[in-house]
């Protein structure tokens, strides 16, 4: 026991020496150059999971630390093939350039999961943690099936001591559970568990990785745990200023990720709640947000009213937070956070109801153009996008949808509209496929084609190109009266009204046509 403990301590010391950055005179950027004082053995990093978090994060680590070997592994042959091709599996500005600079040099994408895990010194785990759809905690608790499977595989194939890093969002105390699995199946091998949650925003993920607000690393308050923290800290220190690398205990790091997403979602739900009041009173939510955001205690970010928040994290993490609060005997706290999601759902249904009631209380048989399907601009990600609920609401009234998004494929849109809630967070081969909505949904490659002969159009993603569309041409080719429902406040409503449109913009004073129409059916 003593010799093994000493061996692991020496291993960590060796890592720390190997990861010492060589400081350059690059004062302008205040970064380190990409060099190392290497030991006899190159430090190897392996990331399990080649998704939105694992792929970009490891690509940037490989770029900033070219003397480290970084392998990204996944059981999905299609996904790994895409990472090794000219058409990456995800769209993210700047990602393509980073991958091409490093791929085949010190960045590798592989389906040989066990081989790379066995050889790695540091293992990042970035697998799905979907919301449970059945059993205890269904609809709220995180399903740790994939995490547990990864931990058992690590224990099974490891032949040397490892640092295992939680990279995907996990419930508080997950590290303790993973630690139990690894230690009870250790075969004499030592593991240190770290929590290193990601704080990336899709659409700006590469810049977020290059210039993070903070890097958070949580570990055990033991000599080995602290050395493991320092090991990972030295990796990030090659380009991240040391004062932006925050070290905490494991539980604080795990909870901080959930708290950050909950606070951001809360701001969106708060301004969306205000948008409903603005419409009822004649106030302008943009003006209200601007006034509120000038308060230095509040700030201007995340105060844009919209049809609702989306993405893979916000709802899932808040539901997880709700479940944790309930399990710890805090029903009032759980109820508070649950309301954030309730307001988000209300905003989406309110938008659909406004559309239907405005168009003579029915959209049955009418063509509705849907501009934008991704949950935000500059990404092709559709996970929990508000567009899904809006489209399903319109389809429920028998509308015919013509959908255009510059980055989302027809296959993805059809799949999203055919799935039940939370199915999206499971591997593709486990996701159900059906023909639901196919006859009523037409996915096109041009905004003008989508709007031709449409009775109304709705904007659900704030793509820049939607601000500069030829709306006079669009108006001329639409059925009359022609309706525009702006769920992102990207168009100039007054100019569209001059053309002849009846316009509804979230949280803005209502068009005269709409004032007597009910906001809720």
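Going from the start of the chain as shown, residues are counted 1 onward.
For all residues, glycine too, the Cβ spot is worked out from N, Cα and C.
Per TrEMBL, these features apply:
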- 313: active site, nucleophile (ACT_SITE)
- 49-54, 74, 79, 127-131, 168-169, 202, 313-316, 383: NAD(+) binding site (BINDING)
- 369-493: domain 'UDP-glucose/GDP-mannose dehydrogenase C-terminal' (DOMAIN)
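Positions of the features from TrEMBL, shown on the structure.
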{"residue": "49", "record": "NAD(+) binding site", "contacts (Cβ under 8 Å, 6+ apart)": "72, 73, 74, 124, 125, 126, 127, 128, 167, 168"}
{"residue": "52", "record": "NAD(+) binding site", "contacts (Cβ under 8 Å, 6+ apart)": "90, 92, 200, 202, 205, 312, 381"}
{"residue": "315", "record": "NAD(+) binding site", "contacts (Cβ under 8 Å, 6+ apart)": "265, 309, 341, 344, 384"}
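Between the CA atoms of residue 131 (NAD(+) binding site) and residue 313 (active site, nucleophile) there is a gap of 11 Å. With the fewest other Cβ atoms inside 10 Å of its Cβ, the least crowded of the binding-site residues 131, 202 in this structure is 131. Cβ-based neighbour count (10 Å, all protein chains) for residue 313 (active site, nucleophile) stands at 26.
Listed binding-site residues: 74, 128; maximum Cβ neighbour count within 10 Å falls on 74. Shown for the domain 'UDP-glucose/GDP-mannose dehydrogenase C-terminal' (369-493): DSSP residue counts in helix, strand and coil, namely 46 helix, 19 strand, 60 coil.
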